[in-house]
């Protein structure tokens, strides 16, 4: 294992990121209404503009795992993964024209409140608990994976990195509320893009310039064409990325509480829709930078992978090794990229409201709600070595399974199906929703864990030619491209277990809808289309009247201040 080490300048730059993020939280904690009301703490007084919101929406799930995973994928298998950008079109247009108008006009305090209005409180609780499980796992992966890779490559103290980012996240989110989160996301997005761009520029220079770098990646077969293979077991094709990715995007940008909460903080519905539109170019830029990093890595290393040379022990460490190797003569740039990496980790921790079931389940006044959320935030985000901090447990468990489990497809897919069942099928009832969600979760973990077990043991090696149509050799190593014919294609349960992870969200959401409809027809419908419209319209009118009354009298919290 070849180690590189930080200089003092690198540590200073990394520390400045943490200090700046915390300063933003402290600023919003002591200005304005000082986060004393639910409206201000959770929804930034519904005063956010579309540009900062769009950057925050992008940064929320542009995790450190993506920053270190996408370049390594492109380095090993070429630019086929870049076609996931095609899924961004429908994956953002559908939320902009279906989900956002519905949720915004209902004036919801939580996206899961819709499940209670549409079905019942039990369905809402089931959806909320499922989402908490999803986000806790994602938090573990998002903060622990880059810290472990950084520790392996540079010797940077593992728990020092985890503890520092965890504490900073806890402070600025618990004190500053959603305003602090959004503006910190904006700052961290700038840091992410700057760090990636700096690495690309220096890497191209080290590879001999743009023309030489292009020749190397072209001759190395890393520029992929469109793979139209319809086989759903092939990991990355145009269909798995461009179509399967749509369902993944819908689970993230359509019904995910972290994103819907940002939509609801917009000043108007039009600005909420516009912020969703503006996420598209932001995501394309982020994808482009990550893919270019992978190509630059190949231009510098070729087929002499640091993994093959045993300089590193896993694919996750490749990007950090490249940064430390290529930028070691540029003091400060390694620190800038690590700041970029942990900026992505810092962007995932606005969890309190996702986990908070809302005042309709627990009748609390505004001050108690904001205090409860801040305290709950501290408990969820604290990243210590010892129990009872549950995030630590998942950090250790999930890291070992992250190669096989697609978190958002396995857990976000059933949640997407639950919302689609309620929105598009008026005949669906509460019993069908609960059983459908349970069936979707069973299917997701059955296929996901079964696929993981069926592929053990395996290791990843760089391919000598560009191809995503590969199958493991007898030893379990990926040694080169292979044509998947009818004889070699897995059948039966093995075929199901071989399903590309990009189809998990589509499979699981479809399972929820189908099972939910069958059970609903068996047990009797809850509302017809007309009755359902009356329920939602009545709720909207009541919310509008309550909002008008609240605006005509000072709030309790204002009176106390």
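Numbering starts at 1 and runs along the chain as displayed.
Cβ atoms here come from the backbone N, Cα and C positions, even for glycine.
Keep in mind that TrEMBL annotations are predicted by a computer and have not been checked by a curator.
Sequence annotations record features per position, and here TrEMBL assigns transmembrane segment to 6-30 (among others). Residues 154, 156, 164-165, 168, 171-173, 175-177, 179-180, 183-184, 187-188, 191, 331-332, 334-336, 338-339, 342-343, 346 of the same chain sit 6 or more residues outside the transmembrane segment (6-30) yet have a Cβ under 8 Å from a Cβ within it.
The transmembrane segment annotation in TrEMBL covers 50-69 (among others). Proximity of distant same-chain residues to the transmembrane segment (50-69), defined by a Cβ-Cβ separation under 8 Å and at least 6 residues beyond the stretch ends, is recorded for 138, 141-143, 145-146, 149, 181-183, 185-186, 188-189, 192, 196, 252-253, 258-259, 262-263, 265-266, 271-272, 274-279, 282-283, 286, 290, 316, 318-320, 340-345, 347-348, 350, 402, 408.
The transmembrane segment annotation in TrEMBL covers 81-104 (among others).
Under the heading transmembrane segment, TrEMBL lists 125-144 (among others).
The feature transmembrane segment is assigned by TrEMBL to 156-178 (among others).
Residues annotated as transmembrane segment in TrEMBL: 190-208 (among others).
What TrEMBL records for 237-255 (among others) is transmembrane segment.
Look at TrEMBL and you will find 276-299 (among others) tagged as transmembrane segment. Tertiary proximity for the transmembrane segment (276-299) is limited to same-chain residues at least six positions away from its ends with a CB under 8 Å from its CB atoms, namely 50-51, 54-55, 57-58, 62, 66-67, 70-75, 79, 81-82, 84-85, 88-89, 92, 95-96, 100, 189, 192-193, 196-197, 199-200, 203-204, 207, 212-214, 216-217, 220, 222, 253, 263, 318-319, 322.
Sequence annotations record features per position, and here TrEMBL assigns transmembrane segment to 332-352 (among others).
Per TrEMBL, the feature transmembrane segment maps to 403-425 (among others). For the transmembrane segment (403-425), the list of distant contacts is 61, 98-99, 102, 111, 114-115, 118-119, 123, 127, 130-131, 133-134, 137-138, 141, 247-248, 250-252, 254-256, 432-433, 436-437, 440-441, 444-445, 448-449, 451-452, 455, 501-513, 516-517, 520: same-chain residues at least six beyond its ends, Cβ to Cβ under 8 Å.
Within its own chain, the transmembrane segment (431-453) is flanked in space by residues 115, 119, 122-123, 126-127, 130, 401, 403-406, 409-411, 413-415, 417-418, 421-422, 493, 496-499, 501, 504, 507-509, 511-521, 523, which lie at least six positions past its ends and keep a Cβ under 8 Å from the stretch. According to TrEMBL, the transmembrane segment annotation covers 431-453 (among others).
With a threshold of 8 Å between CB atoms, the same-chain residues lying at least 6 positions outside the transmembrane segment (501-522) that come near it are 84, 232, 235-236, 240-241, 243-245, 247-248, 250-251, 404, 406, 408-410, 412-414, 416-418, 420-421, 425, 427-429, 431-433, 435-437, 439-441, 443-444, 447-448, 451. Annotated transmembrane segment per TrEMBL: 501-522 (among others), in sequence order.
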### Task
Six or more residues out from either end of the transmembrane segment (190-208), which same-chain residues have a Cβ under 8 Å from its Cβ atoms?
17, 59, 62, 67, 216, 285-286, 289-290, 292-293, 296-297, 299-300, 322-323, 326-327, 330, 333, 336-337, 339-341, 343-344
### Query
Where, among 81-104, 125-144, 156-178, do we find the most CB pairs under 8 A to the transmembrane segment (237-255)?
81-104
